[in-house]
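Enquirer: Quick one: this structure, given as structure tokens, is what I'll be asking you about.
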Amino acid sequence: MILMYLFETYLDLRQHAALKLPTLPKTLEGVISQEKFEKSRAYSLDKSHFHFVHEFVTILIDSAILFFGILPWFWKKSGTFLPLLGLNEENEILHTLSFLAGVMIWSQITDLPFSLYSTFVIEARHGFNKQTIWLFFRDLIKGICLAIVLGPPIVSAIIVIVQNGGPYLAIYLWAFMFVLSLVMMTIYPVLIAPLFNKFTPLPEGELRLKIEKLASSLKFPLKKLFVVDGSTRSSHSNAYMYGFFKNKRIVLYDTLIQQCKNDEEIVAVIAHELGHWKLNHTMYSFIAVQILTFLQFGGYTLVRNSTDLFRSFGFDTQPADAFAKKLGYGSALRAGLVKLQEENLSAMNTDPWYSAYHYSHPPLVERLAAIDAADKKE
């Protein structure tokens with residue numbers, strides 16, 4: 001734990017040094033305005049300072065918990081609490097649920113000040129936060145209620161499997177988590193996500209026609225096209241797709257529609273997302289996660305954070321960019337990526353080690369360079 005903290009802090013320090021650079025990368029000169037760069041730099045440095053404090057406090061708390069034996073002590077206390085409710089403290093499932101409930105309460109209490117500061121100080125200072133304190137706590141309460149509803153049956157099933165798994169325990173646990181992941185991927189967008197955001201069909205018009213035409217040309221089985229009210233909480237923008245087999249859906253943040261200059265930029269962003277689908281990146285990622293899960297249950301916890309394993313399956317974002325470019329959205333994708341970078345005030349200068357370890361997508365500089373390189377080849 002300490003070694004991981006030291007390693008990640010080293011990467012954070014490298015990234016912090018990159019964020020302090022006073023000039024834009026050459027690739028972004030003339031693409032990003034100096035004003036946007038300064039705003040992005042200030043936002044990124046604020047988040048970096050906050051991250052250092054948050055991680056330091058977290059490692060102190062975690063170290064104290066381990067050093068003073070808080071978890072074993074709390075396990076015993078959670079058992080003695082059960083008879084007060086008329087429950088059997090010898091029941092392993094009830095004992096575990098009582099323990100995890102206490103851990104969840106502790107986690108919420110210790111993390112709450114950081115969540116409040118991040119949302120209502122840092123995000124608000126840079127113009128991103130749009131939610132009220134009431135909405136913040138309403139989301140928090142909803143999340144706790146979901147944990148209360150979904151947690152007990154899942155934990156109970158895992159304990160039963162552990163008790164009866166025998167020599168094939170790892171296989172049984174993996175099979176359960178595999179089925180659970182499919183179930184959660186199915187019900188989350190339909191039942192859980194609408195508890196926090198409002199999803200409305202994208203109105204008829206040019207934008208909808210262009211997206212449907214793109215999906216049809218790629219034989220993407222688009223069933224529904226939604227706009228989510230992300231602006232009620234933040235001005236950050238995004239787009240994503242989800243669904244199994246012939247029941248695919250695309251979701252656009254309303255902030256993305258507001259921030260992009262024209263429909264072509266929005267469609268280019270969608271083309272990138274569909275590139276991940278067309279090139280099977282989503283499937284590769286899912287398979288990689290399943291392999292890592294199985295290795296974890298098999299005792300191979302050392303590889304749980306291995307980015308090399310993900311890369312061995314070829315999961316990369318630049319082929320998705322290239323895919324969108326081949327569809328004729330090269331310039332629009334470039335403009336769309338720049339717009340997302342500007343509006344989200346994402347870091348302009350990035351340390352290569354930090355980005356390789358933490359980022360799911362390459363930095364904007366690398367993505368634009370790849371698009372430019374493809375243009376030169378043509």
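Backbone N, Cα and C define each Cβ position, glycine as well.
TrEMBL entries are annotated by machine, without manual review.
TrEMBL lists Glu273 with the feature active site. Residues or ranges marked as Zn(2+) binding site by TrEMBL: His272, His276. The domain 'Peptidase M48' annotation in TrEMBL covers 202-314. Sequence annotations record features per position, and here TrEMBL assigns transmembrane segment to 56-75, 140-162, 169-191, 283-303.
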Enquirer: Counting other CB atoms within 10 A of each CB, which of the binding-site residues His272, His276 comes out lowest?
Expert: His276
Enquirer: For a quick check of packing: other C-beta atoms within 10 Å of the C-beta of the residue listed as 'active site', how many?
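Expert: Around the residue listed as 'active site', other Cβ atoms within 10 Å: 20.
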Enquirer: Do you know the mean pLDDT across the domain 'Peptidase M48' (202-314)?
Expert: 77
